[in-house]
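If you look up TrEMBL, you'll see 2-98, 99-213, 214-318, 318-436 marked as domain 'Cadherin'. Sequence annotations record features per position, and here TrEMBL assigns transmembrane segment to 435-466.
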Amino acid sequence: MSPVGAYVLQVKATDADDPTYGNSARVVYSILQGQPYFSIDPKTGVIRTALPNMDREVKEQYQVLIQAKDMGGQLGGLAGTTIVNITLTDVNDNPPRFPKSIFHLKVPESSPIGSAIGRIRAVDPDFGQNAEIEYNIVPGDGGNLFDIVTDEDTQEGVIKLKKPLDFETKKAYTFKVEASNLHLDHRFHSAGPFKDTATVKISVLDVDEPPVFSKPLYTMEVYEDTPVGTIIGAVTAQDLDVGSSAVRYFIDWKSDGDSYFTIDGNEGTIATNELLDRESTAQYNFSIIASKVSNPLLTSKVNILINVLDVNEFPPEISVPYETAVCENAKPGQIIQIVSAADRDLSPAGQQFSFKLSPEAAIKPNFTVRDFRNNTAGIETRRNGYSRRQQELYFLPVIIEDSSYPVQSSTNTMTIRVCRCDSDGTILSCNVEAIFLPVGLSTGALIAILLCIVILLAIVVLYVALRRQKKKDTLMTSKEDIRDNVIHYDDEGGGEEDTQAFDIGALRNPKVIEENKIRRDIKPDSLCLPRQRPPVEDNTDIRDFIHQRLQENDVDPTAPPYDSLATYAYEGTGSVAESLSSIDSLTTEADQDYDYLTDWGPRFKVLADMFGEEESYNPDKVT
């Protein structure tokens, strides 16, 4: 787009001849090839444009052949040539143009927001940044639903979705798009507007969609203790597609409402499934799913918020047990206690409690109740002084009512104790024992007296316990015959070989053995001198001791059995009879061998005959 005569470049040739000698060094320039686009000054070698408004889009590069020739000499005119390549640089002299005036696009209604739904393109014959195009939607039908941006690589206009489409609401959209140069050259403004417009028509395609709930959130209310099966609300969902389908409802199993509530699958009505307790759970939050009968995979979900309303079930009561005291020198109208109330119901905001005396206590009241109207009350005295000697405790019935429906009330009995106080009202003593003590006896002195009494009682108890223990030890160490005493051991030994568990000296008392006393457990036929027994050593084994006594009784005609039975039993390791316990006995009597009874002496002869060999046993001989 350069005008005629625009400077391009300058060439220069040199001649080695003497410039002072004739015209041998004088050079003249001319174009041998490159007309009619360029011209050259023959003297200066400046090349200029020869045609106006050359267009790069028509031809980008030119090759010009330049000749330099001297003016002659003895050898005549000599010439040299060179080739000059001239490239046209681009200018933004062309506006973008749409190849067609209308673009048709088809878009499914389920396309997500922000997705690219189509492309259009305007053509600009310029190059580089002069060919960069900016696209804009002309304000109108599609400005709120669609947007367009430029693809930097292809210079296409990409149409994107700003809001969801709905085939059932609108099936087609039409709007205009404008394409313009991003970088304008002000030298060519007069050539006309560097922009172009085209019409875009978008057709919305119908897609099978899930049902749609009538509300984004359902809020319901129900009173606690409502009977099971009571309907508390309903949800509604519709299939908005052309071929409307029926809808089924379900409670989302992942939520906590599937056990407390049920829903009718066809109608969408919600009913209670369990008794509700507001004090336990005041609000339920769960989800309901709606699906199309024609396509169960298409589902939608909505949240359900159910508030449990309080029913006034419990009466208000005094919030904490109060220890109320009144001074003996109290004056009428004094507030001796501030009380408050509490309700096990989840009381609503603004709940009010009222306080008053019961009718029977209001006849001749020693105290009264002043309601402060702020959910607290004061216990007020009505007498001029109280006497602990006459009455130590007063019981004040207070009625408390709430403001809920139905109204609930309760009677709370407060215990008021009469106490001795100083002139400032400070409590000195409230226990009844202090009434009969001298006035000058202090609290520290009273504590000291009580401590002394406790110490004396402890000493008496300890003394009695020691006396009983001493008496018991005297009985246990009696020097009477060992058979006349029962000696009890609190532990169990391990048999004969366990000599650490107890003192076996009690079984062989040498003093008792060596004394020549007549046996007291039997009455002999005639008085005879007692048998002389050899002294027993302290270290005599118990087994030998028992064996010796067995022999003495076997040969003694005055020995038992007469009126008593003397039993000597021995168990333990090494015993001939071994253990007489049935724990280690064989499973059946038939498997046992009783021949060893014959080795136990004359006293076991009958047993040996009974359980020994059968042919040796004669029942007629058993006495």
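Cβ coordinates come from backbone N, Cα and C, glycine included.
Here the structure is a predicted model, which means the values were calculated and not measured.
Across the domain 'Cadherin' (99-213), DSSP assigns 10 helix, 53 strand, 52 coil. When pLDDT is averaged over the domain 'Cadherin' (99-213), the result is 86. Note on the domain 'Cadherin' (2-98): DSSP counts are 0 helix, 38 strand, 59 coil. Residue counts of the domain 'Cadherin' (214-318) by helix, strand and coil are 0 helix, 48 strand, 57 coil (DSSP-based).
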